[in-house]
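Peer 1: Heads up, here are the entries from TrEMBL:
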DOMAIN    A:151-209  domain 'Protein translocase subunit SecDF P1'
DOMAIN    A:226-336  domain 'SecDF P1 head subdomain'
DOMAIN    A:339-507  domain 'Protein export membrane protein SecD/SecF C-terminal'
TRANSMEM  A:354-375  transmembrane segment
TRANSMEM  A:382-402  transmembrane segment
TRANSMEM  A:408-428  transmembrane segment
TRANSMEM  A:449-475  transmembrane segment
TRANSMEM  A:481-505  transmembrane segment
């Protein structure tokens with residue numbers, strides 16, 4: 001232990017030097033893009049911005065799935081000429097139930113269900129009871145799978161929508177089974193984003209049923225939907241979707257040539273254009289409703305067939321509304337509504353104050369520890385101080401390398417690490433002191449002191465390490481950032497103490513060969 | 001400067017008979033912890049936004065804030081039971097509201113917008129410094145996760161000490177840590193610092209720090225158990241504490257010095273954290289000496305020695 005090869009020496013110094021290099025970009029305002037240097041990310045609490053925790057409405061996904069399946073079953077049974085009664089789905093039970101026309105058809109119905117596409121039938125368990133009822137239950141796994149797909153898809157759409165607003169450096173991540181975390185640095189009023197994300201933006205084109213007049217008793221297959229700009233007015237919209245907004249290829253805000261109002265122009269893909277053309281050709285003179293999230297935006301009368309695959313939506317928009325609607329249509333519809341569960345906004349000035357306060361605390365705390373070590377441990381304390389300085393640099397370097405996010409609690413974690421970092425040095429120094437008191441010569445005292453302190457150092461650090469790893473795994477938000485900095489701090493502390501400062505002590509001993517230790 | 005140390009924290013050859021005070025130490029600690037538990041139930045912790053749910057809006061008005069006017073605006077917007085307080089400077093306003101019970105996600109969203117508008121209406125040119133809204137369901141989840149993190153940490157620490165030392169050490173350590181934790185919670189109740197996620201981090205740090213301190217003393221006890229076969233356990237523990245006293249105090253001092261500036265200049269959001277830390281350092285250090293080591297005395301001496309020998 002008392003011999004340090006030059007190779008080892010070089011390695012330790014090289015590590016510190018690399019650390020210093022990795023640390024440097026943090027002091028530049030904008031590191032050159034040519035060099036892959038990385039900076040520590042500042043958390044929203046330090047730079048200001050908005051944090052939104054959103055939840056995907058899993059119920060809607062299940063409801064939609066049950067709806068689609070009911071339709072499929074209906075069609076299958078009709079095509080096979082099998083009778084059914086009273087088909088209905090239950091959301092809380094995740095089931096679809098229907099009654100057979102006659103018990104004799106039971107086998108034929110079950111066979112027909114089994115022959116439905118695999119992709120559909122794999123999601124359900126089919127059972128029949130004694131009362132001629134067939135029950136289809138959505139399986140737990142299928143629901144999880146659907147929800148998971150919905151989250152992935154929602155994240156993609158949320159990203160597209162936010163990117164389109166020009167937000168700088170947004171971060172969109174998944175949390176748990178059904179949540180999305182959106183972080184928007186620099187945005188101190190998240191209202192517009194919240195509105196954008198709060199809209200499902202499912203756009204569909206429907207024909208109206210002009211024979212229906214009483215909103216309280218709509219005929220089958222017709223729903224009375226409110227107008228977007230006048231909810232009191234309700235139109236009888238046929239449930240059948242003539243054209244789906246998912247078939248749009250582009251949408252942009254513009255002006256209506258005729259009346260100068262703001263409008264949204266859109267363009268369909270080939271399939272959409274064909275569908276649009278055939279519907280408009282067959283229904284000239286009838287109103288055509290454009291429905292967005294169960295509200296009728298507009299229901300113009302079709303004057304001439306629209307064959308070019310492009311159209312226009314007008315609806316007394318403000319410029320902002322037109323821009324946002326175009327943006328939503330371009331980005332696509334969310335598979336299910338998103339609800340804001342948690343919102344945090346920190347103004348930029350508060351972030352700056354926090355950095356300043358944290359910086360001052362760090363500097364003063366650092367200085368106090370350095371002086372303490374010099375006063376109470378002399379030369380050995382000085383070596384500990386060098387290690388402490390290296391520790392600070394290495395911690396910053398590793399945080400930069402991982403591009404970890406530094407938060408306010410993270411800064412507190414760094415500060416505490418600095419306080420604890422000299423513990424290993426203190427343990428070694430105290431041991432050496434004891435060995436000197438026991439009458440050992442300097443060389444033996446150094447060696448025995450280090451060896452004996454080592455197991456204590458390992459024990460105390462491994463305990464701390466384990467509990468902070470736990471904290472990182474199970475913690476959320478600020479707790480995580482805190483645990484991360486401390487975990488990294490423990491690793492760098494072990495390195496700087498056991499390698500760097502101990503090496504300095506040994507080099508000093510090898511050069512001066514003192515008769516007694518300054519301890 | 002780069003010579004001998006100017007000062008020694010603990011004079012060479014210090015021999016304090018800590019074990020004589022073991023009952024006083026344990027009783028004092030138990031009384032404080034029981035008092036803390038009582039405080040925990042009544043009046044209870046001041047839960048922060050993270051765990052209580054609700055809304056906090058911090059705003060900076062141009063010129064001194066007119067609280068009567070803000071209150072009027074809030075009443076006009078049908079916002080009731082708003083906690084309204086000055087926060088630092090006289091142009092700084094803090095508005096708190098509990099989470100609406102019905103339909104929490106959307107109602108909370110509407111509410112935060114209304115609050116912002118109300119304060120903007122009361123004072124032109126007001127800057128919203130911070131606006132947080134946490135739904136009731138999220139807050140209870142955060143609370144559960146926070147407690148889970150605390151519990152798991154305790155468990156991990158116990159298993160590690162059990163694995164590295166012996167169960168006697170693990171049990172003593174856990175009892176001490178629980179005593180430390182309860183006192184920190186009592187401190188939180190008395191000081192009325194808001195208990196939020198950052199405070200959970202503070203409690204965990206105290207846990208980590210305190211364990212660290214105990215492991216060092218235990219390490220020495222174990223070493224001495226192997227070295228001095230015939231020394232009475234009481235003397236042996238006294239000796240171990242004395243031998244590690246200098247280190248215990250020095251490390252406490254450095255951690256204390258590092259956290260002190262944070263308490264003094266850390267700003268509103270971190271000073272609470274730092275004060276709890278400082279309290280925890282004092283409690284953790286004293287419990288290493290007066291609780292954790294004495295508890296070992298109550299364990300069976302014979303088994304301690306046998307085990308120490310076995311693991312030699």
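Every residue, even glycine, has its Cβ placed from backbone N, Cα and C.
Automated prediction, rather than curation, is the source of TrEMBL annotations.
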Peer 1: Using Cβ atoms and a strict cutoff of less than 8 Å, what residues sit near the transmembrane segment (A:354-375) while being 6 or more residues removed from its termini?
Peer 2: 42, 45-46, 381-382, 384-385, 388, 392, 408, 411-412, 414-415, 418-419, 422, 425
Peer 1: Please give the sequence-distant neighbours of the transmembrane segment (A:382-402): residues at least 6 beyond its ends with Cβ less than 8 Å from one of its Cβ atoms.
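Peer 2: Non-local partners: 15-16, 18-23, 25-26, 37-40, 366, 369-370, 373-374, 414, 417-418, 421-422, 425-426, 429, 485, 488-489, 491-493, 495-497, 500-501, 504-505, 508.
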Peer 1: Given a Cβ distance threshold of under 8 angstroms, which distant residues of the chain, six or more beyond its ends, lie next to the transmembrane segment (A:449-475)?
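Peer 2: Sequence-remote neighbours of the transmembrane segment (A:449-475) are 1, 420, 423-424, 427-435, 482-484, 486-487, 490-491, 493-494, 497-498, 502.
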Peer 1: Could you count the residues of the domain 'SecDF P1 head subdomain' (A:226-336) that DSSP puts in helix, in strand and in coil?
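Peer 2: Going through the domain 'SecDF P1 head subdomain' (A:226-336) residue by residue, I get 29 helix, 43 strand, 39 coil.
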Peer 1: Mean pLDDT for the domain 'Protein translocase subunit SecDF P1' (A:151-209), rounded to an integer?
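Peer 2: PLDDT averaged over the stretch: 88.
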Peer 1: Please list the DSSP helix, strand and coil residue counts for the domain 'Protein translocase subunit SecDF P1' (A:151-209).
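Peer 2: Each residue of the domain 'Protein translocase subunit SecDF P1' (A:151-209) counted once, the result is 22 helix, 18 strand, 19 coil.
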